[in-house]
Every structure is written in C-alpha cells, then in structure tokens.
Amino acid sequence: MEEKTKTVPFYKLFSFSDSTDVLLMIVGSIGAIGNGVGFPLMTLLFGDLIDSIGQNQSNKDIVEIVSKVCLKFVYLGLGTLGAAFLQVACWMITGERQAARIRSLYLKTILRQDIGFFDVETSTGEVVGRMSGDTVLILEAMGEKVGKFIQLIATFVGGFVLAFVKGWLLTLVMLVSIPLLAIAGAAMPIIVTRASSREQAAYAKASTVVEQTLGSIRTVASFTGEKQAMKSYREFINLAYRASVKQGFSMGLGLGVVFFVFFCSYALAIWFGGEMILKKGYTGGEVVNVMVTVVASSMSLGQTTPCLTAFAAGKAAAYKMFETIERKPSIDAFDLNGKVLEDIRGEIELRDVCFSYPARPMEEVFGGFSLLIPSGATAALVGESGSGKSSVISLIERFYDPSSGSVLIDGVNLKEFQLKWIRGKIGLVSQEPVLFSSSIMENIGYGKENATVEEIQAAAKLANAANFIDKLPRGLETLVGEHGTQLSGGQKQRIAIARAILKDPRILLLDEATSALDAESERVVQEALDRVMMSRTTVIVAHRLSTVRNADMIAVIHRGKIVEEGSHSELLKDHEGAYAQLIRLQKIKKEPKRLESSNELRDRSINRGSSRNIRTRVHDDDSVSVLGLLGRQENTEISREQSRNVSITRIAALNKPETTILILGTLLGAVNGTIFPIFGILFAKVIEAFFKPPHDMKRDSRFWSMIFVLLGVASLIVYPMHTYLFAVAGGRLIQRIRVMCFEKVVHMEVGWFDDPENSSGTIGSRLSADAALIKTLVGDSLSLSVKNAAAAVSGLIIAFTASWKLAVIILVMIPLIGINGYLQIKFIKGFTADAKAKYEEASQVANDAVGSIRTVASFCAEEKVMEMYKKRCEDTIKSGIKQGLISGVGFGISFFVLYSVYASCFYVGARLVKAGRTNFNDVFQVFLALTMTAIGISQASSFAPDSSKAKGAAASIFGIIDGKSMIDSRDESGLVLENVKGDIELCHISFTYQTRPDVQIFRDLCFAIRAGQTVALVGESGSGKSTVISLLQRFYDPDSGHITLDRVELKKLQLKWVRQQMGLVGQEPVLFNDTIRSNIAYGKGGDEASEAEIIAAAELANAHGFISSIQQGYDTVVGERGIQLSGGQKQRVAIARAIVKEPKILLLDEATSALDAESERVVQDALDRVMVNRTTVVVAHRLSTIKNADVIAVVKNGVIVEKGTHETLINIEGGVYASLVQLHISASS
C-alpha cells in the first residue's frame, strides 16, 4: 500500500485571502446559488407550457396563454444572466489573485531557506514544478470550481424541493434512481483518473530516458548505446499504451452505465407517472416537470465530481507548498535580527568545528577543525579533492552551521550577526560561475543594489571583462542565456568576478576562481584579483599552486584536519611534509609547470556549462557565437514554415494497420450518435401519451417505458465498445509515432544536437506533447465527427418529417443552443486550463534562482529575484482577471440565449397549432429532436481537441521523422576489419561547425598517428584539439579531406564497429542515473559485461577502492548526471567504462583534469597501464600527461604548427610549444 496522500483541510486553501477576496467570494457564492436555482425554475415553466398547450389544443386563445409562459422564460433568462456572470467572474478573479499570492509567498519562502534544505528536501525541478504545476491545481480548487460546486448543489437542493412540492409521491419513487445516478457519475472520473495517472507515470519515465539519452548524446553515440536507450524507451511506452487503452475502456463503460441508469430512471417515471395521472389526478405537465427535475438534479450531483477531484488535487498540492511556506529555516535570509557593526576588520576563526553535510549526516567532514585567519591576510587552503576545502568557504558564508564549535568573524560568533548584513561584507567567486538568464548588466548588478551603469562598467573593467563585452553586438545588454550558455567559461568567470568586485566586500572567498581561464586571461584576472585583494581578508581554495604561492598562510587539509600550516617557503622546508609532497606531485622533475591546470581547468569549466553546446565548447571567440545564432534563426524559420503543411492523410496512413478497428469503431460511433435524437422522439411520444384517454394512456405509458429500458441497454453496449476501439487505434498510433521519432532522433548525427532547437528539453517535449496532440487528430476527431454527423442527420430527418415549417424556424436558432451547450461543458472542464502556459516565463526566474541558490544567498539577491518574479507575473494576473470577466459574460449570455430560444420556439409552435398547420405532438417532436441533437453535438464537441494545435504538432513530428541523419549509426553497410592495428591518418582536413559556419576550425590539417603510439595534442583553448577527437569518432565529418583507420577511409567502415574500437574518456564524465555497476557495464553495450570484468575494469581505473567503501558498493545509484559522486570519482567510473570496452584506440580528452594531484597520480598510473599496446590520442594541458607522449602535436589557427617529442619541441627557439611552456612557468611563479 502506498502511504495516504497528505492534504490540507479545504478552508486552509483560502488562508491567504484579503478583504477584497472575501467580498468577491461572498458575491460569487450568491451568484452561484441564483444560477443553480435557475434550472429547476426552468423545468417548472416547461411543465406549465406542456399543460397550457396540451389542455388548450382546440382553444382559440392558445397563443395568448402560451405567450404568457414564454415571457416568463425571458425574465428567467435575464435573472440567470446576472447570476452566472457574478458567479464566474468573482470566483475566477479571486482564485487568480490568491494563487498569485501563494506562488510568490512560496518562492519567497524557498529563497529564505537554508542551503541544507536544497541538499536534502527539494530540487530545482521540484520547485519549478510546484510553482507552475501545483499552483495551477490550487487555483483550480479555489477558483471557478468552487462556484460551479455551489451552483450544482443549489440545482440539486432546489430541484428536489420543487419536485416534492409538485408531486411528492412520484418524487419518492424516483429517489430510487438517485444513488445509482450519482454513483455512476462519480465513479467514472475516479477510474479514468487512476488509469490516466498510470499512463502519465509511464510517460514520465519514458521522458527521463529521452532526457538522459539526448542530454548525453556524445556518450551514447561513443558507446553505441542507442539500442539500449530504444529498449528501455519501448518498455515504458508499452506500459503507457496499456494504461491508455484501460482508460478509454473505463471511460466508455462509465458513460454507458450513466446512460443506462438515466434511461431506466425515465422508464420507471413514465410507468409510475401514468399511474399517478390516473389515480392521483396529476396533470401531464406536472409529471414531466417532476421527471425532468429529479433526473436533472441527480445528474447535477454527479457533475460535482470534476469539482471534487479538483478540490482533492488542490488540497494535496497545497500540503507540500503550505508546509514549505510555514517552514522556519535554521538560517533565515530574511531575518533582520542580529548584530550590525560599523564595519568589520575581517579576522576569521573556525574553532573546534564539527560538521557534516545535511545530505550525508553520517559522513563527518570536520571533527574538531580549527583555523585562524588574521584580518587583511590571504589564506590558501590546499588538499586533495573531497578533503573539505570548499566546506570551509560554505561555513564562512554561513550556508551551513557547524553541528558543534563556532565560526567567528572579529571574535563575534557568525550566528550573532544579522545574516544579510554579514553576507553583504563577504564576496564569493566560485569554481562554477552561476549566471542568471538575463543581461550581462543585470548579472553584474546583482553585486550591489541600485548600482549605476558607471559602477558596473568599472567593475567589468577591473575584472578584465570590458574588452569582450564591448565586442558583443549589444554590449552590456547582451543576454547570457540559461546558465550563461551563450558565453565561454572564461567569460562567465570574469562576469562573476566583476559581480564580486562591485560588491566591494571586506572578506573575499575565491573557490578555484581562476580555474576556468587560460594562461593569458588568468594572468590579467589574477592581477585584477590581486588589486582587489589588497587590504581585504582573502580565502583561496585552489588546486593550482601558482595561485597559492604568494599567500600569507597556506593550510594543508587532509580528510577534514589541518595537517600543516605556514607560508610557501616555510612549508617547503619539510621535505616529507604534505605540502612538499603535493608540490612534488605537481612538478615534473624541476620544472614547476602548471601550464597544465590553468587551461585544463578552464576548458573543463567551459565545457561544464554545456557539454551539449558546441558553441561554448570550442571557442572563446566572443561575438561570433551570437551572430552565428542570429544568422541561423532566419533559416530555421523558413524550414519551419515549409514543414507546417502536413496532410491528414499522411497521419491516417500511420494508423493503417488499425483499419478494421477504425471501421468497427466508426459504425458504433454512428449508432452512438443517434441515441440522443431517438430519445427526443420518445420523449415527445410520452408527452403525447399523457394527454390521451385513460385506457390508451395506461397501455402507451407501459409500452414507452419498455422502449426506454431498451435504449438504456443499447447505450450500455455501444459506449464502451466505441471508446475501447478508438482508444486502441489512437494508443497504437501514439506508440508508433513516439518510437519512430525517438529512434530517428537517437540516430541523428551529433552535430544535429548543436542546434538549440534540438536540445534534449525541446525534443523531449515534442515527443510527449506533440504525439499526444496527434492522437486527437486521428482517433478522437474521427470518432467525434462520425458521432456528430449521425446525430445531425437523424435529428433533422425526425424534425422535418414531423413539421417542416416549425423545423425550419427552430433550425435558425439551433446554433445558439449548440453554443450554449458548448460553453456549459467548457465551464465544467474549466476555463483555467491554459493558465499553465502563462507562467512559463515567471517560472524561468524561479528556475534560475533556485538552481543557483548559493549565488543568490551569497549576494543577498533574494529581494531582487522576487522583484523580477513579480514583474514577470503582473501581465499574467491581469490577463487572468480579464479572462474571468470575459468568461463570466459569455457564460451569462449563453443562459439568456438558451431560455429566449425556448420561448421563441414555443411561441411560434403555438401560432402554427392555432392556424391548424401542425398539431401539439409534432411541436414537441420537432423541438425535442432538434434540441437533443444540439445538446448531443455540443456536449461531444466541447471535448473536441484543438485541431489547429494538432496540425502544428504533426508538422513538428514529421519534421523529425523526415529528417535525414548525415551520419547514421543504424547503417549496417560498410567494411569491418578483421584485425585492427590502430594506424590513423588525417589528410588535408578542413572543418567548420554547422552552427558557426564563419569560424574555420581546421584549414588543411594533416597528421598521422602510428599504431600503438601515444600522441598528445596541445594548443590554446579553442584551437580545435577536442574537435580532432570528435572527428575520429565520426560525430562530425570533415568539410573536405579524409580520415583513415588502417589505411581505410573512416566513411567506408561500418560506423557502429568503428565506434566500438574506440574508448573515450571525456573531460566531463557523463554518467546515467543508474547504479555504478550498470554505468561501467554500459561500455560493453549494457548487458554483456560480467561481474568479474566490471570489477577488473574498476580496479584498473583505481575506482574499486572507493566503490567498495560506499555502503551500497556497486549498487550505489549515482544520481542525475552522477551528482552523488565527486568529480574524481565520476572520472574514474568513466575510465572503468572505457576500459570494459577493451578498445584498440583510446581517446583521452582532458581525462584527468578534474582530479587533485593525489588521485591524478593514481588514475594516470591506471591510464598508463591501459595505454600499453593501444593507439592513444590525448588532449591535455598538464605537462605531466603530455611529457611522455611519443609525439606532441601543437595545433594553432587550424593547422599543426609543430610536432615532435617534448625534448625536441622545448628546444625550438621561439617555438609555439616552448612559449606555451614558458607562459605557464611564468604564470606559476
């Protein structure tokens, strides 16, 4: 049993209403009651009408008598108009207002939570999901649905009061049918919802497969994992198909039962009503009045289910949100209590600190850690990855509080300060700069409230960012994209530094702050930082010792303890000391060449933001990326237009295998459509029978009640069969389309994904939303049109045979009744359905803020985020209110029109009867046949899908299906070599990325790699080193020239086989949200790797040790993108994955860059063992990795300018390699 869903009591939903809301709710409720009572009053008038026509058929004054009743209809219509308007408008407006208030309160509360809350209790996805999804559910539960509920209950109560007054005995007999009607009406939505949530759950899992696969498409392609992805995708899609068929069948069954009970209740009433007319002296009109009122009132009770479902969903959604809103954080960003001093000197002390992260309370980071940093000093923290260096920074920022011990600034416990004030004195620049989806100016402006443009420009200048910003077409106004994807890593880092400079803090915290820069920018930024660090207390966390050297004090941290402390020169004296060992690990012989990590880390960061986004990956070229984008957008617009027109026949063709099912379904649909018009004739016959002489009446009423039972039985059979058949046809179509699309996408060439239009999110939503819309185009629309056509034809035939004159007059007004029926159902379903889309933009603000909560916290930008959020919401609230008013007017008018049409019809009928052109029975037959037809059609149509959207969806889906993959991994043709030696040659290669055709990466690149050699590629960031690796794996094909493997051109070899010969370890290891075991086994293509092979690979990659030390060992789930492991651990799992593959050619793209010196040494040893007898291509900055390569090739301006061994190249006077090395030596010292 799953635990019971927690909910809040219904009245609590309204706990955030103000006096205006209370007034709106009261007025809205009064309107709803008035509107609800309108229907029973209408049946009362209908009964009077029947009597006045039935009893005065031969009377000269029939027109006068009838017109009096008709006038009452018009008055009733006017009254209902006002009531309905107040009901809808007031409830929609108050719902919109209160939901907006809850939404911003929730965001505000989220922003004030301590960081631990985000580690343990929530995620960006959850927050955004709640803000866009859950608040819509809450809005539905407290808006128009409440009005609707009050209206339906008023109809129910009013109807029964009236029925008892008019004929209590008949009413009592009919009460038998109420529970059945109400139960049938209520059970259907529950069963349907259950099936639909199963379907949604299966689809959600399928979407995760899509997101994971496309988000790491390079890894999937490199390890030929397309088949695995397809397999798991198919499994989930099949589950969803089964659920959707169940849903279709249960919906049909529900409807069938409802109509069966409905017709049987009429049968009972007709038989018993006849008895009442004979024995108790009822009139025909009274019997009809009671019949219609009781059935309609009972139905109205059944119609409350959508409201009750909405209330339940809203109460459940509110529980989590309100719980968060009421949560008091242990570290509260909005708490203004606490000390505020004139200024601080900046002395920092950690005293006996014990600390573990909330997400891993059992693993202690510090147990009694102490550290003192004098004010104005620069302190550096060094140590291996995972030793606790960044934790010190988090504690100083008070992201967390220690479990015992204290953190002091100027001798005052951090907890005693006002949090906002003390954070305002601390500036943080971290390793992965976090930018918000807004302009560069706004991003820098986060550093200081109300900063002027001059101040922002000065800060940018100081951070060495002004140059590249000026080159951008829109300068400071340039939008940086989500997470800053439009900029390279180095550019993002400089903006982050400018943001910290603008803040002018007393304490500066630099967490690997220059790691993302290449040597040149690093030198300049380091100078900027040196200027900024003057007379401030600075804490530096770094791998790279060049940054650390000049620090006043260096603390070496090992497993949460300080093992050594002192200045660079002091610590070097102890040769066996931890610091000296770290230095030794980083040095090669006597050269302190940190060439390595500067670029190394820089590229890692560039890539970190967007492993999918080639644009940032390759180039630090500033304006090109933006211009390239603009040029490309125009092209895509054109291609989009062309794909817009997709004929329905083409979609229908996909449904061809289900032809028989569709034909059967269509026939049943036709039968289904005639049920309502037949009901109209039967009802007219019944009314006629009630005014016959007693003997005939008794016989007729029995006969017609039997016919009604048969009609009920027909409904019970036809409805479920009809919906089941269409559910099967539609479900199979969706299944087919989704699988076709995903298969196509997975096998597209990697370059296709560089286009932002083909990002994993976009494709994911196209697969889910568009496929669902297409189903509506074929299955649902077809079933609907058949049903409606049958209803229309049968209704017209019946009406015209009865009295063509009256039929023509009523036909003119029928569209109005149809519109009314349509609006009524729309209202039951809710006008708020499209509220979700409106909040997308505002959600992005929340998404950004929560995703980078540490940045928001450290810059005290909570208020700023709230302002931005509220600004984006203003229009939404206005449009919500406008929508409320419009819906209210529409809803009110529709009632008025309906009642006026009724009045006109009977008035005209009475005149025709008086003139002797028709008789009383025919008037009712025409009226009921046509109105029932209209109601049937409009009810069906209101569930009609939006076909215009579906056409767009079809175009988008066929756009994918028709796409041609330039490099298709399904292509089985091509040679397979028996024995691979591993000779590689690149001949005259020219290459540009499609997304940036104006940036030439290679011009005539020539280069040979002999079998078994280790070749290192070096060059500055953006020179195209990683591109070589992409070309070798055929992620791209060169524009001209060719690449050969063992003298055979790559294009002639079977693609899948080629990729199986190569093992890639990239700079950012991409792991899947699965166990460590299955991540390693992925290298073998999933299932084939044995336990022994997996462990052997892990041992070789120096990963077995840390895997065994984790509680679940190889069964540990690594989390989304491997988030549960540290960088070094992820990298080792990735290396193990490549080893399991036993590749002939090894491609290492910055494979050890993410590791600290200690792990790097061990992994490097592992790689050295793996590289034996394999052709290896290494891209790296670190000389330790490059030095022992057989050949070093220096790439510059798209060609190879130097190649040879380390010894040869270093001795070339003024050579590129020598100057690269020199640059880094000077950067280090």
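Heads up, residue numbers simply count up from 1 along the chain you see.
Each Cβ is built from the backbone N, Cα and C atoms, and glycine gets one as well.
Features of the protein shown, as given by Swiss-Prot:
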- G383, E384, S385, G386, S387, G388, K389, S390: ATP 1 binding site (BINDING)
- 594-606: compositional bias 'Basic and acidic residues' (COMPBIAS)
- 984-1222: domain 'ABC transporter 2' (DOMAIN)
- G1019, E1020, S1021, G1022, S1023, G1024, K1025, S1026: ATP 2 binding site (BINDING)
Most crowded position, judged by CB atoms within 10 A, among G383, G386, G388, G1019, G1024 as binding-site residues: G383
Candidate binding-site residues E384, S387, S390, pick with smallest Cα gap to G1019 (ATP 2 binding site): E384
Whole-number mean of pLDDT values that fall within the domain 'ABC transporter 2' (984-1222): 82
Nearest-integer angstrom distance between the alpha carbons (Cα) of K1025 (ATP 2 binding site) and G388 (ATP 1 binding site): 33
E1020 (ATP 2 binding site) and G386 (ATP 1 binding site), distance between Cα atoms, whole Å: 29
DSSP-derived class (H/G/I helix, E/B strand, else coil) of G388 (ATP 1 binding site): coil
Mapped DSSP class for S1023 (ATP 2 binding site), helix or strand or coil: coil
Chain-internal residues, separated by at least six, CB under 8 A from S1023 (ATP 2 binding site): V1195, K1196, N1197, G1198
Separation of alpha carbons, G388 (ATP 1 binding site) and S1026 (ATP 2 binding site) (Å): 32
For G383 (ATP 1 binding site), the three-state class that DSSP assigns: coil
Other C-beta atoms that fall within 10 angstroms of the C-beta of E384 (ATP 1 binding site): 21
Inter-residue C-alpha distance, E384 (ATP 1 binding site) and E1020 (ATP 2 binding site) (nearest angstrom): 27
